[in-house]
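Enquirer: Pasting in a structure now, in structure tokens, and then I'll have a few things to ask.
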Amino acid sequence: MKEPLVVFTDYLARKNLKMTPQRRLILEIFLKESGHHTSEDLYNIVKKSDKSIGQATVYRTLKLLCESGLAKEVNFGDGVTRYEQQYGFSHHDHIICEECGKAIAVVDDKIEQLQERLAAEHGFVLTGHEMYLYGICADCRKKDKKLKADTED
Ligand SMILES: [Zn+2]
Ligand SMILES: [Zn+2]
């Protein structure tokens, strides 16, 4: 597997773009931060290392990272675009808590196979899918219960 830096440099070269120190720093920070981050989250981290980098540069670089296959946009139904690492990570789906916004990566072989079977029944060969499950996480349910108990007293 090629290093992410090589993947990105090659991609930029194909687009006649240069690997600048700014792009390199944004890539490094993106790779270091695991999980799902908005462009603004990453901008707030980037500006601690380099104040000269603007929010628009971070946003545009994230778009380029997506196009190069290193990053992926994820949408958890709250209208906010977040980015996660894609390169070298195997396929996974997400469960999102509608109360606190926590998102966890999940994968279930049976569900994956069922999706392929469903597609085949309609004459398709699957090339990809996104599955987002929404609910209330255990922590938030505990809090809700406590809140109810408190008001009932
Ligand atoms: Zn899946
Ligand atoms: Zn929650």
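Easy rule for this one: first residue shown is 1, then count along the chain.
Any Cβ shown, glycine's included, is placed from N, Cα and C.
Curation plays no part in TrEMBL annotations; they are all automatic predictions.
Bear in mind that the values here come from a model prediction, so they are computed numbers and not experimental data.
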Enquirer: Per TrEMBL, what member of H37, H129 joins H91, D93, E112 in binding Fe cation at one site?
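Expert: So, going by the record in TrEMBL, that would be H129.
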Enquirer: Looking at Cβ-Cβ distances, which residues of the chain lie under 8 angstroms from D93 (Fe cation binding site) while being 6 or more apart from it?
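Expert: Set apart from D93 (Fe cation binding site) by at least 6 residues yet with Cβ under 8 Å, we have A105, V106, V107, I111, E130, M131, Y132, L133.
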Enquirer: In angstrom units, rounded to an integer, how far apart are the Cα atoms of E112 (Fe cation binding site) and C97 (Zn(2+) binding site)?
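Expert: About 22 Å separate the Cα atoms of these two residues.
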Enquirer: What does DSSP assign C140 (Zn(2+) binding site), in three states?
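Expert: Its secondary structure by DSSP: helix.
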Enquirer: Distance check, please: Cα of H129 (Fe cation binding site) against Cα of C100 (Zn(2+) binding site), rounded to an integer number of angstrom.
Expert: 25
